[in-house]
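Features reported for this protein in TrEMBL:
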type     : residues : note
DOMAIN   : 5-138    : domain 'MARVEL'
DOMAIN   : 143-291  : domain 'MARVEL'
TRANSMEM : 12-29    : transmembrane segment
TRANSMEM : 41-63    : transmembrane segment
TRANSMEM : 75-99    : transmembrane segment
TRANSMEM : 149-172  : transmembrane segment
TRANSMEM : 184-203  : transmembrane segment
TRANSMEM : 215-236  : transmembrane segment
TRANSMEM : 265-285  : transmembrane segment
């Protein structure tokens with residue numbers, strides 16, 4: 001099988017991301033002395049990014065794009081976008097949990113600093129890959145390389161973070177309105193994930209209706225749903241008239257690791273607003289796509 005080696009800025013960017021993510025998780029595993037599940041999550045972020053990048057490089061190195069069971073116009077940039085978000089999360093979470101207030105020895109601390117630095121470098125490399133492979137104006141590319149496609153990745157990723165904050169401990173069982181917000185997060189996440197899978201698997205042509213109009217209609221629905229959740233969640237979590245708590249408990253300041261329930265509820269409120277903005281931008285992009293196509 002012939003090996004196709006064509007040097008390009010994109011190849012060098014992927015090799016850099018491969019090396020940085022490999023160093024990040026190797027150093028953390030070797031000498032980071034990680035003692036709880038947050039460390040496992042960070043290692044997963046780096047290892048997952050490394051494995052996926054290695055797969056992309058090997059497929060292109062051996063010219064197997066046409067034999068891959070996925071759309072190669074959509075898969076690499078989708079993975080790069082997820083990898084950049086994962087490494088960015090690890091770059092924020094890892095120092096907060098393992099450097100801030102750390103009482104470990106100097107050697108362990110140095111290992112953790114190195115992992116953090118290389119995690120930041122991996123994040124920059126993956127963001128550079130997304131920038132190099134995203135669609136330019138007038139360029140024919142896969143849907144995931146366009147603005148709406150990249151927004152779908154961000155929307156699903158933010159929803160996953162919301163699920164983490166909202167589920168441990170469970171924050172939505174106090175009132176039916178909060179359960180409604182949870183249903184909004186689930187419905188929009190599932191539909192966005194299905195759209196991503198349809199694009200990667202090249203199944204959009206199998207739909208019994210125009211894909212572009214479906215995207216525009218779904219974006220409008222998601223904007224309405226997230227707007228309602230953006231309003232409802234803070235009311236029933238922070239308004240005393242509806243059983244919420246306005247002031248941050250004093251115990252949250254003394255928590256040595258992680259976030260207290262009030263902080264988690266606030267994080268969910270902020271992330272709900274972030275996803276509302278993402279879906280609004282998605283709606284604008286998708287509407288332009290429909291009108292331009294028409």
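Keep in mind that glycine also has a Cβ here, set from the backbone N, Cα and C atoms.
Remember, predicted model here, so these are calculated numbers, not experimental data.
Listed as Cβ neighbours of the transmembrane segment (184-203) (distance under 8 Å, sequence separation of 6 or more from its ends, same chain) are residues 69-71, 74-75, 78, 142-144, 149, 152-153, 155-156, 159-160, 162-163, 166, 211, 215, 218, 222, 225-226, 228-229, 272, 275, 279. Remote same-chain partners of the transmembrane segment (149-172), defined as residues 6 or more beyond its termini with a Cβ less than 8 Å from a stretch Cβ, comprise 74, 77-78, 81-82, 85, 89, 130, 134, 142-143, 178-179, 181-182, 185, 188-189, 192-193, 195-196, 199, 222, 237, 259, 261, 264-265, 267-268, 271-272, 274-275, 278-279, 281-282, 285. Model confidence over the domain 'MARVEL' (143-291) stands at 85, taken as the mean pLDDT rounded to a whole number.
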